[in-house]
C-alpha cells in the first residue's frame with residue numbers, strides 16, 4: 001500500500017514522500033530513521049532482524065531495483081555516523097547547489113555524539129531507500145549503512161571482525177574511516193577483516209569485494225599531499241606500493257588488499273576544527289565547523305554519492321537487487337552465527353600460540369632424536385622395561401626443555417601446550433614400542449607360529465574325531481585347518497610382496513588376539529599334552545603301513 005504525505009524532513013524542510021509497505025494491513029506513516037538490522041548480543045552472538053530488513057528492502061518500490069550499498073566502517077569514535085548524516089543531507093537535497101544546509105541547522109539522522117564512549121552498535125541502515133537515476137538512465141536503489149566501530153572496550157576481536165567483514169561483503173562501496181594517517185596496523189586490520197569476510201564467501205576467480213575508499217580524517221600534512229581525492233590518490237599509491245626492499249610481511253599485506261578489491265581510492269579530509277573537538281554540546285551546526293572542512297566536505301560527498309560514482313552491488317559478476325541483497329544478508333549471517341569459521345585472534349594471542357607451538361615442536365624433536373639413538377631403525381631389539389625407562393627419562397627431559405623456553409602468554413596459557421606435548425610424546429612412544437617389537441624375532445614370528453599351532457591342533461582334533469565317528473566335527477576342523485593354511489600362505493605372500501597390507505594387518509591382529517589367550521609356554525604345553533594323551537587314538541585313526549613279514553606272522557597266528 002502506498003500513501004503520499006508532506007513530511008518535515010530531518011533538516012527542517014518539507015518534502016513529498018511516498019511510503020511503501022509489503023504488508024496488507026495499513027500501518028501508520030513513520031518518519032525515516034536508522035534501523036538496527038544486525039544486533040550484537042551481550043554474549044557476543046549475532047542476530048539479524050529479518051523483519052526490519054524485509055520491511056525496508058522488500059517494499060514494492062525498491063525490491064526489484066539493482067542496489068548500491070554504501071557503508072562506513074572503521075575504529076570507534078572517529079566520526080563515522082557524523083559523516084553518514086552529511087551523506088543523508090546530500091541524498092535528500094542533491095539537486096540543490098547548497099545541499100549542505102543552513103549554517104544554524106543541527107545535524108540529525110544517524111545517532112551520533114561527541115565523547116569517548118561508543119554510540120553505534122551492530123549494523124544500522126537508513127529506513128528510506130533512495131531511488132537515483134544513473135547517467136545511463138537506469139534507476140538504482142541506494143542503501144546507506146552505518147556500522148559499529150572496531151576495537152571499543154566492550155567488543156571482542158571477533159565482534160569487530162564480523163561486523164567489518166559483513167559490511168564489506170554486503171556493500172558495493174566501503175568507506176574505511178581512519179584518523180590522521182594510514183598506519184601499518186590499519187592495513188593489517190584491514191587484511192584480517194577482509195580475509196575473515198573472504199572465508200565466508202564462495203571461492204571465485206574474481207576479486208571478492210568492490211570499491212574501497214580510504215577516508216583519512218584530520219589530515220595534517222596538506223603541504224605533502226593536498227586535501228581531496230588527488231592528494232589522496234598520490235598518498236595511497238605511496239602507502240600501498242610494493243617494493244623489493246620491503247619485508248615480506250609488509251609486501252603480503254599490500255598484495256592481499258589489492259587482491260580483494262576491484263577499485264581502491266583515497267580522500268584526505270582536514271580537521272573540522274577545535275570547536276567540534278572540544279565542545280561537549282556540539283550538535284553539528286555548520287557555523288561551528290571550520291570552513292576548510294566544509295569546503296572539502298562539499299567535494300567529498302558528491303565524489304562518493306553522485307549518480308556517476310555509484311557502483312551497483314555485484315557478487316560473482318552478477319548485479320544484485322534489493323531482494324537478492326536480503327538473501328545474501330541472511331546467508332552470510334548464518335555463517336557467522338555458526339562455528340564453521342575460525343575465530344580471529346589478537347596479535348598477542350597469535351604470537352603466543354606460535355611461540356608455544358614452536359617450543360612444543362623443539363621439545364618433541366629432542367625426544368624424537370634421542371629415542372632414535374636408543375631404538376632407531378639400525379638399533380637392535382631393546383627389552384620393553386628398558387625402553388619404558390628411557391622413555392620416561394627423555395619425556396621428563398623434554399618437559400624441562402619446554403618449560404625452560406621463554407614463552408609469551410604466561411604459565412596458564414602454556415599449560416595446555418604442555419599437555420599437548422605430553423600427549424604427542426606418549427603417541428610417539430607407542431610407535432617406538434611397535435617398532436622395537438618388530439625387531440624381536442619371536443614377535444616377528446608370532447603370526448606364522450600362531451597359525452601353525454592352529455593348523456596342528458585342528459589336524460589332531462580332525463584325526464581324533466574322525467576316528468571316533470564325529471564326522472561333522474572332523475569336517476569342521478578340516479575346513480578350519482584349510483582356511484588357516486590359506487591364511488598362512490596369504491600372509492607369507494603379503495610379507496614377501498608388500499601388497500594388500502591392510503589384509504596383512506587384519507591377519508596380524510587376529511593372530512595377536514589368539515596369541516594373547518595364553519603365553520607361548522602354556523599353548524605349547526597344552527599342545528603337547530593333547531598330543532600325548534591321544535597318541536594311541538591317533539595311530540589307530542591313521543595306522544602306519546605294515547611290512548610283509550609282519551603280515552605273514554599275523555596270518556600264521558590265525
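Cβ coordinates are placed from backbone N, Cα and C, and glycine is handled just like the others.
According to Swiss-Prot, the feature region 'Disordered' maps to 1-28. Annotation source Swiss-Prot lists GDP binding site at 77, 78, 79, 80, 81, 82, 148, 217, 218, 276, 279, citing similarity to another entry. Under the heading GTP binding site, Swiss-Prot lists 77, 78, 79, 80, 81, 82, 217, 218, 276, citing similarity to another entry as support. The feature Mg(2+) binding site is assigned by Swiss-Prot to 81, with similarity to another entry given as support. If you look up Swiss-Prot, you'll see 395 marked as N6-acetyllysine. As annotated by Swiss-Prot, transmembrane segment applies to 450-470, 472-492.
Across the fold, the C-alpha of residue 217 (GTP binding site) and the C-alpha of residue 81 (GDP binding site) stand 13 Å from each other. The Cβ of 279 has fewer other Cβ atoms within 10 Å than any other of the binding-site residues 81, 148, 279. Summary: among the recorded positions (217, 395), the fewest other C-beta atoms within 10 A of the C-beta are counted at 395. Classification of residue 81 (GDP binding site) by DSSP places it within a helix. In the three-state DSSP scheme, residue 279 (GDP binding site) falls into the coil class. Sequence-distant contacts of residue 218 (GDP binding site), defined by Cβ-Cβ distance under 8 angstroms and a gap of at least six in the same chain, are 179, 180, 269, 270, 271. Straight-line distance linking the Cα atoms of residue 279 (GDP binding site) and residue 395 (N6-acetyllysine), rounded to a whole number, equals 65 Å. Cα spacing between residue 81 (GDP binding site) and the residue listed as 'N6-acetyllysine': 58 Å, rounded to the nearest whole number.
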